[in-house]
Structures are given as C-alpha cells and as structure tokens.
Amino acid sequence: MVSRVIPVDQFDLVIFGGTGDLARRKILPGLFRRFLSGQMPEGARVIGAARSDLDDAGFRDMIGQAIEEFGGEETADKDRLAAFLECIHYVAVDATGEGGWAQLKDLIRENVVRAFYFSVAPSLFGALAERLHGHGIADRNSRLVVEKPFGRDLETAKALNATLAEHFQEDQIYRIDHYLGKETVQNLMAVRFGNILFEPLWNNHYVDHIQITVAETVGVGGRGGYYDKSGAMRDMVQNHLMQLLCLIAMEAPNQFEADAVRDEKLKVIRALQPVDFHHIVRGQYDARGDEPSYREDVENPRSHTECFVALKCQIANMRWSGVPFYLRTGKKLKGRTSEIAVVFKDLGHSIFEGDEKRHRNILAIRLQPNEGIDLQVTIKEPGPGGMRLIDVPLDMTFADALGDDVDEATDAYERLIMDVIRGNQTLFMRGDEVEAAWAWTDPIIEGWQTRNDVPKHYDIGSTGPEDAMMLLHRDGRRWREIKG
Ligand code: NAD
C-alpha cells in the first residue's frame, strides 16, 4: 500500500532490451505498480526497443503476460492493466546497425524527460550511446540508466565510463545497483543520521566489529555460463556488499544530496586496505542427494570460480582504524538472509556478581527476510533470584511497526526508475566509485589466479566452508546466525 506520492515529471522512458528477461520480470511489472499508485503522470510513455520484430500490439501482449506472471497480487486489476498497456509502445531497433533509429526519433517527444534504460548486454552500451547521440534522440537533459555488471575489472569499467563519457555527462548517467533502492538501505542512512543515539557511538571507541551478510538459498539458476565467468567477488562483493559497507562506514555528508553522499562513499572505498589472503575464504557447494554441485550447475567440472566469499577487511581512517569489517555472501546456504550488524564492544566490567557473560549491544539492519531493525540490549532476566542478565532483541519489523505505511510492494527497481525520472542520482553509483571498487577488488581476483587458488567445499544448506567460521573464531568472534 502506498501512502505518499511524490510527483514525477512527464516522461518518455525507452527500454533498450524491452523484450528481455530483466524488462519482463522486473522493470515493466515495477512500472505498472507505479502506475497503479498514481506515480506515472497521465501521458507518460514507456517505449520498448529491442531486436524482435514486433508492433505495439505484439509488445503490449508480451508485457501484459509478463505482468500477470511476475507482477504480484496487487497487479491483478485487468482494467488498470489495459490502461497501463495503452502507455506502452514498441520500436524494433538494431543497437549495432541503423534499423529503427529514425522511427524512434519520430516517436520520442520534445519537452518531456527522456530516459534511456540500457537493459542489454554491456557490449552494446557504446553502440547505443553513439546512436542516441548521432541521431539527435538524446539531448543534454536526457538520462541513461545502465545495468550491472559495470565492467569485469578496472580496465573494462574505465573503458565503459570513457565510452559513455564520449556522448553523455556524468550527471546524465545512472548506474543501477538495485541494493541501493531497497527500503532498509535508505533506512540505514535515516537511522544513522536522523538519530542522536547512534552517531556518537559509530566509531572504533565503541564498535567492536561489523558484519555484512548476504546469504542466498538459490544456486546459479539458469545463469551458470555467465556466473562461472564472474563469481561471487565480481557479482556480489564488488558492488552490493561494497555499497552496504560504504553506507555503514561513511562520514555524514553535509546534506542528503547525490554528490555529497557519493563523495563520502568514495572516500570509504579509497580508504579500504588491501585484503590479506589469509583473511579471505572462497567456496563452492558440493552435491547433495539429487541436487547438483556448483561445478555441475555451471557445467564446468574444473571450475575454480567461487560462489561463496567471506573476508575480513579494514578501513584506514580515524573513525574505523582497528575495527574489522567481515563480509560474506554465498549461494545455496542455510537461509536467505541479508543484514548488516554493528556489534558494539562490551562494557569491560560488570557490576553484577556472577555475571560473567560479555554482553554486547548489536544493531542489526535487516534487508531480508522481514525488513527491519533489531537492537540487542541487555536486561534483567524476569523473576526472583537476584540480578541475572539476558540479551534480548528490540525488534522492529517495519511491516509490524508501521503497518499500512510500509510500501512492501515497491521493488528496488521501480523506486530507482522513478528517481531517474526525478533526476535524483543519490542512489546510483558514480563512475569514480565503480572504478575505485574495482581497483580494490582486482588484486584479490588476480591473486587467486596467480596462486591457482582452489575454492573450499561446503555443504548445500550450511553456512559455508568451515574456514569461514575460523576467520572469526581466530579473532575470538563468531558470525551471526543465518536463519534457515
Ligand atoms: P536478455 O538476454 O533476456 O535480453 C536482452 C535484450 O537485448 C533483448 O530484448 C534483445 O532483443 C535485446 N538485444 C540484444 N541484441 C540487440 C541488438 N543488437 N539491438 C537491439 N536489441 C538487442 O538479457 P537480460 O537478462 O534482460 O539482461 C539485460 C541486462 O541486464 C544485462 O546487462 C544483464 O547483465 C543485466 N541484468 C540482468 C538481470 C536479470 O535478472 N535478468 C539482473 C541484473 C542485471
């Protein structure tokens, strides 16, 4: 349910790759939800542009079916769906040739926001940017949305940035990391910078360590070929986990504005120390019963690509010096959990006789399941018999605490697309941020290659390889539970 509607400008949104998987599963169902919530102004248009030889009616059929399949319960209203489909058009365009560009130019309107979503393989970004510019379809006010992966190392990311920069300015380029569109990720900033309670404690005097976990229960699905060339470091750590790390560790920007936020995130990435190879664990899942192993899933019996990574890293600045950041992500794990946990130091001395446990406050920001915030506090165990202390959660699941005001249906994609239309780049990665993230990641991946590093094995449904546990045990710490 949506409670507040922020007006959006009139727009023409062209989706290159409009017939593709991402467009059908995420982008168009998401736009339909925005339409239902009244956020698409009357007359706003979505134009699919792809290779298939379709007309408006054919594309509308395809998208109608996709919305029925992927749109969720709230999109079941047939009349509203028909009204939405009226806003949709299609042009067959060849990204690498000249076919279709004149028709696209005729269709696109002056005096509205023009946004171009590149939901195609990154190898086509350059050709699309060049043609949009060359045919006079994009102007200085037009916006480009580009999908991940943004390069596969520093060199390719730089090349991609340079290609886009030939025709577009940085303030026109919206690099999507859909993690940044999640409600809780934005809430992380609200909690940190909107309360007096946390910021004074947010440093190495009070924080023992920070854990970031993104655990998946799914395997590589149908993307085995792509995934095996990428791996968890490129697919998850370089972008999603790194972005979460930046938001948790950055200094307060002087205002909540795109470049102010992104300047602070960039400083964090640049302050990350190189990771010691003893502080990284990679893994691949084994077969279990009739569930195939990672190597069987990607059809590469000799694969050395990791689908699990756990690492310890440090940020070399005054706020975080000496505070380890533990990151882990993996596939086919015990549960589907994404959270950031700030584990505070213990008090060092207990006034309560017999209380030998080292109690810690923990602030956990949960992205899934049940988006919310959980603060572990220490209280007296109820009942007679003296002062025995226990740790209990002050759990605020947003859906319970905020009821109807929680917009559960809003997916990260649709929120981010609406930000593009509004011209708000705060939740998008800047070119220099992406490059800095690769500059930190590249030596790790290169190191694995030169050492011919072989990932450790782990059981499907576990919490990852044994060595990942040891990474924290060695430091006298332990991972938070991944709930099954
Ligand atoms: P897809 O293969 O399903 O679709 C590709 C689209 O590109 C199709 O519409 C096709 O017609 C179009 N296309 C291909 N060559 C073309 C050409 N020469 N001219 C014009 N159009 C052309 O791919 P996808 O899964 O939708 O992924 C699109 C992009 O989004 C990729 O960069 C991918 O990495 C990224 N991405 C996808 C997902 C996902 O869940 N599918 C998630 C994150 C990022």
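Positions of Cβ are set from backbone N, Cα and C atoms, glycine also.
Annotated substrate binding in TrEMBL involves H178, K182, E216, K331 plus, out of the candidates D153, D235, D355, the residue D235. Sorted by the number of other CB atoms within 10 A, the recorded positions H178, K182, H240, K331 start with H178, the lowest.
In the three-state DSSP scheme, E216 (substrate binding site) is classed as coil. H240 (active site, proton acceptor) has its Cα within 10 Å of the Cα of none of the binding-site residues K182, E216, K331. Note on the binding-site residues E216, D235: the fewest other CB atoms within 10 A surround the CB of E216.
Looking only at the domain 'Glucose-6-phosphate dehydrogenase C-terminal' (189-480), the predicted model's pLDDT averages out at 93.
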